[in-house]
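**Student:** First the structure, which I've put down as structure tokens, then a few questions once you've had a look.
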Amino acid sequence: MGYWLSCHTPPQNKASYMFQIWEGFRSFVWTAVSYHMKDMLKLSPSALQFVVSVAYSPWSIKPIYGILSDCIPIRGRKRIPYLLISTVLSLLPWLVLGLTTSLRSSSNSLAAFLTVQNFGSAMADVVIDAMIAEAVRSEHAEFSGDLQSLSWSAMALGGICGSLLGGYTLSNLRIDTIFLLFSVLPTIQLLSCALVEEAPAGSKSTPDHSKQQHIEYEADVTFSSGNGSFTKTLKSGTSRRKKSSHKNAERKTKSIKSEIREQQNGLLAARGYLSLKSAAYSLCRAFRKPMILRPMAWFFFSNITVPNLSTHMFYYQTEVLHLEASFLGTVRVIGWFGLMLGTYIYNRYLKHMKLRKILMFAHIGLATVILFDIILVSRSHVQFAIPDKYMVLWGSALGDAINQFKMMPFLIISGQLCPPGIEGTLFALFMSINNLSSTLGSFLGAALASVLNISSGSFDNLPLGITVQLAATLVPIAFLFLIPKEATGLTSQ
């Protein structure tokens, strides 16, 4: 598989995998952000969860970025300009936060800059997804899983490096230094845009400069030959009239050129509108397909029914178990390895299995992982002399691995069924549904914690809250009828 990918992956997609590595490396700084809001800003678990949810809100409107990149080329390019814009937006907030103490000391300003940063990261992610979707659709079905696997593996590689370095730097460097160090990453990403090769969006949607020059030349000739007084002036010997005629000719020629440019701009605007309209129609038509609509509906439901208590578990691990930042960085490394393992297992053994069966086993597996958290917070493992760190490590690894069994089939199917020209939009729509449902799951978790009075320093009801989370994880299994019966984890039948 590796040899095939190295020989058949075009340069622009190799560059997109580099961007996936950068995306995974974001874990380097976000661990520090969590500790900064907890220890320096003294936010409660629910407040921290709310700020993070607001900061990640740009990931829930990804179809907007997809429509822009698919339908409105900039200088005849659909991908590179948006990569440049998004990378700049990802870079500036870290520089400002690293250099300005007052801005990172306020939860409101910190949330605002983190939102801008996520806006840039989400836009870059949409463009990368579109490039991978184009590759998935152009390849045979048997290789589409390989391309998605390579994409996730690249992100996991970046996540491993980011988590390892993040835990170390958090224990040895100040938060402003970490922000400034991380700004080097989007700077490198900005330079990497030069590796992306992209053909023009198409002659129909891109102005033809040679034709424009030809039209301007013909306008000059027509004007010169059609103006009798100007011809007569050329034959006269009066230099004064020559200069005047030349000036008049130049003014009229510029006027004609200006009119031509205005007409071309009007045509480009009309084409852009028609392109947006066509993309919206194609997106609605694709989204109404049962093979896309029903799995996405199930996926959305499977996330919003499960309350997310990860922030409260983070506070429990640091305040009650007293786990160090370096160890929690190691936990994320194990989680990224679990993600890579899950991607490999799915691509090697599960992609031809019926999708209903894959999702059923995935949710049973996730419920089993949550059982690890119940044992951890109830302290039942202590009587068996099992260290807390082992429980946290294995729970993280298994959770990330099993979660891949949910993600991979939807990504592959969406890529294969995506109509040409809206790759970024459809992929962005799916991921926005995922992000929005995850955000709603976080709000549900905050509400559950509020009802059970789970907060910093008060974790007595945390085992009950996680038990409710476990039960909710099994609920989506009852709605697997939304998944087409004959659908597999690779293609639709």
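Even glycines carry a Cβ here, placed using N, Cα and C.
Quick paste from TrEMBL:
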- 47-68: transmembrane segment (TRANSMEM)
- 80-97: transmembrane segment (TRANSMEM)
- 149-171: transmembrane segment (TRANSMEM)
- 228-257: region 'Disordered' (REGION)
- 228-237: compositional bias 'Polar residues' (COMPBIAS)
- 247-257: compositional bias 'Basic and acidic residues' (COMPBIAS)
- 297-315: transmembrane segment (TRANSMEM)
- 327-346: transmembrane segment (TRANSMEM)
- 358-378: transmembrane segment (TRANSMEM)
- 390-413: transmembrane segment (TRANSMEM)
- 425-452: transmembrane segment (TRANSMEM)
- 464-483: transmembrane segment (TRANSMEM)
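Can you tell me where each of these features sits in this structure?
**Tutor:** Outside the transmembrane segment (149-171) by six or more residues, the chain places 5, 9, 16-18, 20-32, 35, 132, 177-178, 181, 324-330, 332-333, 335-337, 339-340, 343-344, 346-347, 404, 408 with a CB less than 8 A from a CB of the stretch.
Residues 45-46, 49-50, 52-53, 56-57, 59-67, 70, 125-126, 129-130, 132-133, 279, 283, 286-287, 292, 296, 299-312, 407, 410-411, 414-415, 418-419, 461-462, 464-465, 468-469 of the same chain lie 6+ residues outside the transmembrane segment (425-452) yet bring a C-beta within less than 8 angstroms of a C-beta in it.
Within the chain, the transmembrane segment (464-483) has long-range Cβ neighbours (under 8 A, six or more residues past its boundaries) at 294-295, 297-298, 301-302, 305-307, 309, 312, 355-356, 359-360, 363-364, 366-367, 370-371, 373-374, 377, 445, 448-449, 452, 454.
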**Student:** Do any residues of this chain, six or more beyond the ends of the transmembrane segment (297-315), have a C-beta under 8 angstroms from a C-beta of it, and if so which?
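**Tutor:** Contacts of the transmembrane segment (297-315) (Cβ under 8 Å, skipping residues fewer than 6 from its ends): 34, 38, 45-46, 48-49, 52, 328, 359, 363, 373, 406, 410, 433-434, 436-438, 440-442, 444-445, 447-449, 454, 456, 459, 462, 465-466, 468-469, 472-473, 475-476, 479-480, 482-483.
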**Student:** Given a Cβ distance threshold of under 8 angstroms, which distant residues of the chain, six or more beyond its ends, lie next to the transmembrane segment (358-378)?
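**Tutor:** Apart from its flanks, the transmembrane segment (358-378) reaches 298, 302, 313, 316, 346, 350, 388, 391-392, 394-395, 398-399, 402-403, 405-406, 409, 459, 462-463, 466-467, 469-470, 473-474, 476-477, 480, 483, 489.
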**Student:** Do any residues of this chain, six or more beyond the ends of the transmembrane segment (80-97), have a C-beta under 8 angstroms from a C-beta of it, and if so which?
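**Tutor:** Those are 19, 29, 65, 68-69, 73-74, 103-104, 110, 113-114, 116-117, 119-124, 126-127, 176, 179-180, 182-183, 186-187, 189-190, 193, 196, 198, in sequence order.
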